[in-house]
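Student: Before I ask anything, let me first share the structure, which is written out below as structure tokens.
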Amino acid sequence: MTSTVAEAAQPVARSGDQAGGGARRPRRTGPRRVSPLILAFVLVPFVIEAVWVFWPALQGFWLALTSWDGLSAPRFVGFGNFSDMVSDPIFRTALKNTAIWLVLFGGLSVIGGFGMALLLQRERRGVGIYRAALFTPVVFSLVVTALIWRVFYQPDGLVDTVFRTVGLGNFVRPWLADPDTALYAVIVPALWRQIGYVMVLYLAGLKAVDPALYEAAKVDGASAWQRTRYVTIPQLKGVNSVVLSVIVIDSLRSFDIVWSMTRGGPYHSSELLSTYMYSTAFQSTQLGYASALAVVIFLLALAVILGYLIRAFREES
Amino acid sequence: MTGLAADRRTFLKGLGLLGAATLVPGCATSTKSPGSGSAATGELSLQSNLSSEQAKAAMEKLVAAYNKTGGSQVKLNTVAAEIFRTQLPTYLTSANPPDVYTWYAGSVADSYAKKDLLLDVTSVWDSMGNYSKAMQSLSTSSAGQKIFVPTSYYWWGMFYRKSNFAKWGVTPPKTWAEFVAVCKTIQSKGIPPIGIGLGDTPWVASAWFDYLNIRINGAPFHRKLLAGEGDFTDPKVKAVFTKWREVLPYFDPKGKSFPFQEATSALLAGKTGMFLIGTFFADSAPKDALDDIDFFQFPIIDPAVPVAEEAPTDGYFASKKVKDPEGTKKFLTWLATPEAQNIYVQSSSGTAIPANPDGKSADTALVKKGKAMIEGAAEITQFFNRDSSDALQPTADAALTKFLDKPDQIDKILADWQAAAQKVFKAGA
């Protein structure tokens, strides 16, 4: 661990020397003195990070290999927790729901956010109001969002009333208490919030696109669709990678909204990996199994994001 | 340059804040306690999960009264119930734990005694000779030591509005057949007869399981089953659900969507007929409506089975690592007195009954009736989670809410329940 610190510290030190030496690539001319201030800037956060992030994370990996109730000493069980998962029907539901969540929540918020950004990118009168309106849900805490939507969904609440008014009364059901609808009923408010967030990211990206490109495309006779397809989308590559990371991470860590709306219920039908991890850890006090679930979530996030990053880097080089 | 200096200063400030922020969350396996341990200066810390406004005020009064008696000074630390529940193992296993804790009698306390984390309070019980046999056995660990000091209890019953029962022309039923008849009558008036609140509070369904099981199979069978010595796929357990299914059509279908507080409102508003609930529901009920509230005992199904009632008992236990065992025991002895229990019961919502038989409960017809019902019972059970563990409760929640939704899948539900429970028992062993 300490060697990585030294390595990380060195380039910083070198660039600090640049002004004096003038050489762009300094050769190794014996040991250089690293400014203690810079060393402190690197080491202090690293130590804090190591104690409060890396060490607990490593412990999490160790706990994933144990059976632990939080009271007695953890008992080593090897990969027993992971083999238990294979035969655990709740784990399978949670995995499936997490995949549904990733596709629906992730996909729809990208499409919705991008669509809204395109609609609202041109400066028109009153456009600020629409942007603000779409962004407002992002400001609310997800727990507040959940409370608002629970009122909408309650029996004879807003959603039921709307369905009945448009003549779809037959579809009315206990939205959050029906295992067939609970998950989707939670995705809607999550999207309600996320679309505004993604929209802002894309709006910022669209602002950075050179207007000259559009003019050139227009002169060449490109239609509005062609301009979007061949100018806007390729220009947004940088934003896309940010959005993708945000979406994947947000999907996998989605917890608060599900927990405050359904607690993964009724009978585990809206369980995500994150809520299942929480309930196994803090309700069933199977901390070893819960740590194993956390490891699975970590690996999933890593796989999705690494996959994308590797492809992105390959294209660049 | 000044601009740069200012930037650096704000940056350093930010770094400091960041550092402070990272210090806040604790690490799950660390043994540091977030609660304040007692100093050796005769100060005791009391960790309380009674965080509702009324109960918290009652606790503050109680502690203030003790601090005037001249013993150790007690410092009250109130924590939200859900956090308290998840943190309790961390408190108790930490190097410098808080001294005294609010908690529940029975299996949920014994599980900590089994790990040798609790103070032996047998000497406190020397002054508690007048407590009932049931209270004594509830406070005794499986190793035979007294580890708990009970201070109050409440009861569960089938609550209804007197005026509505009069309007519908029904009288409180005593037997299962009468109960079914009452349900039929109420339903014929267009009102869902049985209220329930499972959204957010799915554990309310466990009351039905508990009562049906102790009425059909008896309390000893129920306790064994919850302790992991039985099997949920047992035909005797299935019989509970067969009986339950007879009244499923009378449950309020909306009850799946809202928590018990809203189910209480529904009962008070006359939108449901009856509601099997503990007396704590009264905390969220308007006082004037309470005068119209009455309850009846859960109907008798098999007269041959000794009558058991659910009477969850609350009280205190102490950590084994207390700095000042004598001071702690003195405080616990005081908590067991009728005077202390009266202070608490009078200041809280008023439906709790003092555990000390000499304590004064609220002087209402409702409380008198509840107290008489519990005192007349041959056996006392606590509640599903208290007779088993908080870890087993979610398995019951999943099984019971699924049963209410899909009663024809009962065999699969029971098999799944047994598998989930097995896992919990294995992890706890």
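Placement of Cβ uses the backbone N, Cα and C atoms for every residue, glycine included.
So TrEMBL has the following annotated:
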- A:95-310: domain 'ABC transmembrane type-1' (DOMAIN)
- A:1-29: region 'Disordered' (REGION)
- A:34-55: transmembrane segment (TRANSMEM)
- A:99-120: transmembrane segment (TRANSMEM)
- A:132-152: transmembrane segment (TRANSMEM)
- A:182-204: transmembrane segment (TRANSMEM)
- A:287-310: transmembrane segment (TRANSMEM)
Student: With a Cβ cut-off under 8 Å, give me the same-chain residues at least six positions beyond the ends of the transmembrane segment (A:132-152) that come close to it.
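Tutor: Same-chain residues near the transmembrane segment (A:132-152) but 6 or more away: 116, 120, 158-159, 176, 188-190, 192-193, 195-197, 199-200, 256-257, 260-261.
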Student: Counting only residues 6+ away from its ends, which parts of the chain sit with a Cβ under 8 Å from the transmembrane segment (A:99-120)?
Tutor: 127, 130-131, 134, 183-184, 187, 190-191, 194-199, 201-203, 205-206, 228, 232, 243, 247-248, 250-252, 254, 272
Student: Below 8 angstroms Cβ to Cβ, which residues of this chain, lying six or more residues outside the transmembrane segment (A:287-310), approach it?
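Tutor: Result: 60-61, 63-70, 74, 77, 81-82, 84-85, 91, 98, 241, 244-245, 248-249, 252, 273-274, 276-278, 280-281.
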